[in-house]
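This report refers to the structure that appears directly beneath it.
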Amino acid sequence: MNKSRFISCVILIFALILVLFTPNVLAESQPDPTPDELHKSSEFTGTMGNMKYLYDDHYVSATKVMSVDKFLAHDLIYNISDKKLKNYDKVKTELLNEDLAKKYKDEVVDVYGSNYYVNCYFSSKDNVGKVTGGKTCMYGGITKHEGNHFDNGNLQNVLIRVYENKRNTISFEVQTDKKSVTAQELDIKARNFLINKKNLYEFNSSPYETGYIKFIENNGNTFWYDMMPAPGDKFDQSKYLMMYNDNKTVDSKSVKIEVHLTTKNG
């Protein structure tokens, strides 16, 4: 074998190794949505206040708790009290599958998530479509407590850039005390800021036609959540929040977040 052929073989082998052992970033990334993929606020004729409620200071937050029960194989029930409005003292969080529920079943965890009441079931005896007193439900929102906090109670700032009609109009930071934080927690904090500063959701509608929040991880993978309700005259909070049931977490030090909004007259 001559020298040039030998070098070519070495390069080919090296390339094959890269293909086999390098993670395929593109395959795991969620492409940016096309305009047709996004929900449009003008096509929602219900009360936007029901969406606003999910992100306007109404969320479950607890530290160092353990599950005390379950209803189905893929959920966990916690003794968490609503210290603000006294609406509940039990919280059920539903996860994507049984394996994910088992992962956190006997762990000391922190819980942070948006919650709902209608169609929240803790047993087969609960009435369909009714509110179960003293109880609330959510999806995901779980992180292990041990070793997941910064020293001396320090907080991590996470930068969020907002683009309106493709132009960066504002940037702001939200804070978390967790090293590995759920995307849900950061989403809630981002939307809460935008509700207060940009009127993201009003009682009847929104000044924005479309919106999505995009997470960019350190390895280049991306994913996003649609920020507007589906078309129609009814908004199902439970169905909307189901997007968090995979309990997706990100590294708070490296994650980048973008919010993309289009105005109705843009």
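Cβ atoms here come from the backbone N, Cα and C positions, even for glycine.
If you look up Swiss-Prot, you'll see 1-27 marked as signal peptide.
Under 8 Å, Cβ to Cβ, and six or more positions away along its own chain, D110 (Zn(2+) 1 binding site) finds A62, T63, K64, V65, I142, T143, K144, H145, N148, K178. Annotation source Swiss-Prot lists Zn(2+) 1 binding site at D36, D110, H145, H149.
Of all the Cβ atoms in the protein chains shown, 15 others lie within 10 Å of the Cβ of E107 (Zn(2+) 2 binding site). The DSSP secondary structure for E107 (Zn(2+) 2 binding site) is coil. The Zn(2+) 2 binding site annotation in Swiss-Prot covers H74, E98, E107, E146.
The Cβ of C137 (disulfide bond) has 27 neighbouring Cβ atoms from other residues within 10 Å, across all protein chains displayed. Annotation comment: Swiss-Prot describes C120-C137 as disulfide bond.
Reported as a whole number, the C-alpha separation between H149 (Zn(2+) 1 binding site) and C137 (disulfide bond) equals 25 Å. The secondary structure of H74 (Zn(2+) 2 binding site), as reduced to three states from DSSP, is coil rather than helix or strand.
Checked against D36 (Zn(2+) 1 binding site) by C-alpha proximity, the recorded positions E98, E107, C120, E146 yield C120 as the nearest.
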